[in-house]
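Residues or ranges marked as Fe cation binding site by TrEMBL: 130, 172, 176. Feature annotation from TrEMBL assigns active site to 173.
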Ligand SMILES: [Zn+2]
């Protein structure tokens with residue numbers, strides 16, 4: 001049995017968590033304590049409704065977070081929401097580079113996206129994919145900067161911010177926990193195309209079959 005570290009990340013001068021330090025060691029510690037679980041895919045009801053708020057910040061949550069890091073690594077993801085392993089709780093983890101290639105590793109419980117002023121909303125139409133829509137990708141315009149408020153694994157209030165691909169990840173994972181997939185934001189035609197890509201592809205990780 002491994003010692004559960006009471007990990008609390010530092011905050012920077014503006015009050016945002018510093019999630020760029022000791023990434024290798026922190027990610028490894030989580031996934032070594034965790035067990036990878038199969039990934040739910042589009043059509044599974046747990047992905048299409050808002051998850052429950054987390055109210056208990058104990059060992060069960062710590063274990064869930066460890067399992068999520070293990071699952072994220074097994075599926076080669078850069079972010080994972082709890083409902084993607086079938087758990088109806090507002091938690092996401094991430095291991096994702098920003099627009100300067102800097103790696104961010106962390107967890108957000110009960111996340112909410114911060115509404116940004118129009119001048120901060122510079123849209124980036126890069127490709128997006130999702131472990132729950134395996135083998136599909138589509139271009140989707142999203143702001144290239146994002147901020148999320150929420151709590152850490154101990155229940156302390158936190159703020160996370162990100163640029164580039166990491167900004168996309170923060171938005172994508174928060175959307176998951178509110179019951180939305182990125183394909184829900186696509187045009188009808190692009191959504192259909194993404195589902196076709198999924199039907200034609202074979203995921204490189206274990207998924208939960210839909211009934
Ligand atoms: Zn996703």
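A Cβ is built for glycine as well, from the same backbone N, Cα and C atoms used for every other residue.
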Cβ within 8 Å of the Fe cation site's Cβ centroid: which residues qualify beyond 130, 172, 176?
-> 79, 81, 84, 131, 132, 173, 175, 181, 182
DSSP state at residue 130 (Fe cation binding site), helix/strand/coil = coil
Reduce the DSSP letter at residue 173 (active site) to three states and note it down.
-> helix
Could you measure between residue 173 (active site) and residue 130 (Fe cation binding site) for me? Cα positions, answer in whole angstrom.
-> 10
